[in-house]
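Right, one structure below, let's go through it.
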Amino acid sequence: MSIERTLSIIKPDAVAKNVVGQIVARFEQAGLKVIAARMQQLSRTDAERFYAVHKERPFFKDLVDFMVSGPVFVQVLEGESAIQKNRDLMGATDPKKAAPGTIRADFADSIDANAVHGSDAPETAAVEVAFFFPEINIHSR
């Protein structure tokens with residue numbers, strides 16, 4: 001096992017429901033540490049840049065529109081196997097297919113408004129963390 005860092009975004013739907021604290025508590029209860037965090041309103045340009053990998057997909061415009069529809073809570077999580085642990089806690093992308101007790105099963109409304117984003121691999125985690133948090137703003141604890 002190795003200590004990893006991963007990016008977690010609590011999306012506009014979950015922020016609007018006022019469940020940020022409940023979601024962060026789940027990460028902490030699973031042994032993940034929040035080592036950087038902030039609430040922010042994404043600009044359209046930032047959302048398009050962050051999700052550029054999906055630019056040619058039919059859902060790209062709707063995804064960007066959703067991500068700029070309200071503030072997001074962006075955080076870096078650190079811990080043993082943080083990437084997989086975060087993905088397990090989030091559950092399936094489609095909340096209808098998410099296991100009971102996962103974040104998406106409990107807080108998401110649809111495959112589009114699915115409460116959270118998490119990095120899917122070490123390489124993407126490094127890129128995604130750097131997108132939101134220059135190294136100077138990350139503090140292991």
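From the backbone N, Cα and C atoms, a Cβ is placed for every residue, glycine too.
Among the features that Swiss-Prot reports, ATP binding site is placed at K11, F59, R87, T93, R104, N114. Listed in sequence order, D112 are the same-chain residues at least 6 apart in sequence whose CB falls under 8 Å from the CB of F59 (ATP binding site).
In this structure, H117 (active site, pros-phosphohistidine intermediate) is part of a beta strand by DSSP. There are 20 other Cβ atoms within 10 Å of the Cβ belonging to H117 (active site, pros-phosphohistidine intermediate). The feature active site, pros-phosphohistidine intermediate is assigned by Swiss-Prot to H117.
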Next item on the list: Mind computing the max CA-CA distance among K11, F59, R87, T93, R104, N114, which the record assigns to ATP binding, rounded to whole Å?
Entry: 21
